[in-house]
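Visitor: Pulled the feature table from TrEMBL, pasting it below:
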type	residues	note
BINDING	276-280, 317-324, 415-417	FAD binding site
COMPBIAS	537-548	compositional bias 'Basic and acidic residues'
DOMAIN	24-162	domain 'Photolyase/cryptochrome alpha/beta'
REGION	537-556	region 'Disordered'
SITE	Trp348	site 'Electron transfer via tryptophanyl radical'
SITE	Trp402	site 'Electron transfer via tryptophanyl radical'
SITE	Trp425	site 'Electron transfer via tryptophanyl radical'
Amino acid sequence: MQRFSVPSPSSYRLNPITSMATRSGSLIWFRKGLRVHDNPALEFASKGSEIMYPVFVIDPHYMESDPSAFSPGSSRAGVNRIRFLLESLKDLDSSLKKLGSRLLVLKGEPGEVLFRCLQEWKVKRLCFEYDTDPYYQALDVQVKDYASSTGVEVFSPVSHTLFNPADIIEKNGGKPPLSYQSFLKIAGEPSCAKSELVMSYFSLPPIGDVGNLGISEVPSLEELGYRDDEQADWTPFRGGESEALKRLTKSISDKAWVANFEKPKGDPSAFLKPATTVMSPYLKFGCISSRYFYQCLQNIYKDVKKHTSPPVSLLGQLLWREFFYTTAFGTPNFDKMKGNRICKQIPWNEDHAMLAAWRDGKTGYPWIDAIMVQLLKWGWMHHLARHCVACFLTRGDLFIHWEQGRDVFERLLIDSDWAINNGNWMWLSCSSFFYQYNRIYSPISFGKKYDPDGKYIRHFLPVLKDMPKQYIYEPWTAPLSVQTKAKCIVGKDYPKPMVLHDSASKECKRKMGEAYALNKKMDGKVDEEDLRDLRRKLEKDEHEESKTRNQRPKLK
């Protein structure tokens with residue numbers, strides 16, 4: 001084994017192991033953590049084992065094509081993320097083969113498949129990375145219980161994050177810290193800051209007899225039921241540990257850029273060369289170790305005279321991830337408004353037509369639509385672009401439930417991450433963490449500030465490519481002669497705005513004010529009946545306001 005030389009011992013904890021001396025078979029179950037470098041589960045599985053079975057289970061619910069979904073993909077994920085995952089698996093398989101092993105791919109319900117593997121292979125040790133997502137929390141209890149009942153030792157280290165969320169919550173008196181600064185204060189320095197990480201191996205134990213379990217190679221998209229022409233554009237970001245390490249090396253090679261990185265100053269319209277590292281999908285799938293990323297940044301900070309600090313620095317972005325993981329782990333119903341103690345109860349509108357127009361990039365606001373088209377085509381967009389479309393859907397213009405926007409992001413993003421996605425949607429809808437609901441992203445002026453010529457819009461909305469720049473953000477204001485010359489008639493070739501931003505945002509602010517007042521009055525204990533009453537009041541007020549507007553004498 002070759003180690004990345006940064007001092008002292010690592011502390012992988014969760015399920016203590018009684019002995020490592022037995023020279024026998026082990027099974028490493030890959031879920032996330034799709035890498036060889038800094039993988040404590042792999043390191044432990046390979047130690048003292050004569051044979052080792054590296055396993056990945058293809059869950060049909062997650063991977064198989066669902067023609068009824070609103071975009072190409074399965075019932076759970078868009079095809080871009082499935083493709084990224086397959087590329088990551090192929091890269092992992094290639095790395096394992098170079099070390100005398102390979103990835104054993106099985107298909108079925110993961111728990112049942114694992115039980116069969118343990119029965120067939122008679123291994124003495126089961127290793128897998130600890131996962132805080134509710135799906136894996138429930139699944140892992142079943143797997144651990146079964147393994148223990150058959151005398152199999154289980155090693156499940158915390159290595160997807162810098163900190164163990166349970167430790168932070170315990171230090172905070174049993175509750176997760178609800179602000180970034182309080183999180184930093186409690187968390188302190190991660191143990192990996194001075195740990196020596198295992199970065200590579202000379203070889204791994206060979207695979208034993210696999211029996212009759214239906215082992216396969218990593219499938220192609222076509223073998224999973226997808227077509228080559230499933231969508232016109234694919235994400236430009238390739239999956240896998242090799243690509244992740246290459247991207248990280250390239251990003252941190254410019255020490256000045258790393259030292260001066262300041263999150264709010266990125267350009268959301270930069271698409272040919274994104275203004276961020278685009279490490280998020282690699283962190284999501286564990287193609288890159290967050291601990292290795294952390295150490296690389298710390299080494300750069302030591303070498304420069306001055307650098308930015310959290311929350312805006314590059315290191316700060318890693319710590320935001322830790323903050324959301326910890327809060328999500330310690331908050332029941334974190335992915336819902338109802339029953340979520342940290343989430344404001346708000347009577348959001350339900351409008352399927354408006355939701356679909358937003359999702360499909362047909363709101364009539366080019367900046368918003370271009371972002372949503374980039375999401376549909378690439379499965380990724382800049383964080384400020386995400387802020388804009390999330391604000392527009394919720395508290396800014398349409399007043400539609402953040403859970404519905406969250407579902408769209410969860411499906412389409414290649415970096416979709418349960419804790420971060422839910423946390424950001426609550427934040428951006430002013431349902432939790434951030435409460436300045438009067439601060440709204442303009443769907444017109446915000447994008448124009450970064451890209452006055454509208455290059456981003458022209459790329460993702462080619463129907464507007466010939467629209468003069470003075471109208472590119474508001475094509476409905478262009479004279480008909482200009483629209484005709486640009487071969488884009490608003491209302492025919494491109495939709496009219498679905499709402500008028502000024503009046504819609506004013507109405508949203510009024511509704512948010514009423515909802516906040518109700519939450520304060522009820523000390524957060526707002527029930528369904530309270531929300532129904534408020535919804536009726538808001539609808540009545542809106543109707544009265546509309547009537548008053550219509551009765552006002554028109555200026556001649």
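Even glycines carry a Cβ here, placed using N, Cα and C.
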Visitor: Which of the recorded positions listed here (Val278, Ser280, Glu322, Phe324, Trp348, Trp425) have a Cα atom within 10 Å of the Cα of Trp402 (site 'Electron transfer via tryptophanyl radical')?
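Guide: Within 10 Å of Trp402 (site 'Electron transfer via tryptophanyl radical'): Trp348, Trp425.
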Visitor: Quick one: DSSP breakdown of the compositional bias 'Basic and acidic residues' (537-548) into helix, strand and coil?
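Guide: The compositional bias 'Basic and acidic residues' (537-548) comes out at 12 helix, 0 strand, 0 coil.
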Visitor: For the binding-site residues Val278, Leu318, which Cβ has the most other Cβ atoms within 10 Å, all shown protein chains included?
Guide: Leu318
Visitor: Quick one, of the recorded positions Trp320, Trp425, which Cβ has the fewest other Cβ within 10 Å?
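Guide: Per-residue Cβ counts within 10 Å for the recorded positions Trp320, Trp425 bottom out at Trp320.
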Visitor: When a 10 Å sphere is centred on the Cβ of Ser280 (FAD binding site), how many other Cβ atoms does it contain?
Guide: 19
Visitor: For the C-alpha pair, I'd like the distance in angstrom between Ser416 (FAD binding site) and Trp425 (site 'Electron transfer via tryptophanyl radical'), rounded off.
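Guide: Taking the Cα atoms only, Ser416 (FAD binding site) lies 12 Å from Trp425 (site 'Electron transfer via tryptophanyl radical').
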Visitor: Using the alpha carbons only, what distance in Å do you get between Thr276 (FAD binding site) and Trp425 (site 'Electron transfer via tryptophanyl radical') once rounded?
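Guide: Trp425 (site 'Electron transfer via tryptophanyl radical') has its Cα 20 Å from the Cα of Thr276 (FAD binding site).
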Visitor: Please work out the number of neighbouring Cβ atoms within 10 Å of the Cβ of Thr276 (FAD binding site), leaving out its own Cβ.
Guide: 19
Visitor: Long-range neighbours only, meaning 6 or more apart in sequence with Cβ under 8 Å: which ones does Phe324 (FAD binding site) have?
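Guide: Set apart from Phe324 (FAD binding site) by at least 6 residues yet with Cβ under 8 Å, we have Ala419, Ile420, Gly423, Asn424.
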Visitor: For Trp348 (site 'Electron transfer via tryptophanyl radical'), what is the tally of other C-beta atoms lying within 10 angstroms of its C-beta?
Guide: 23
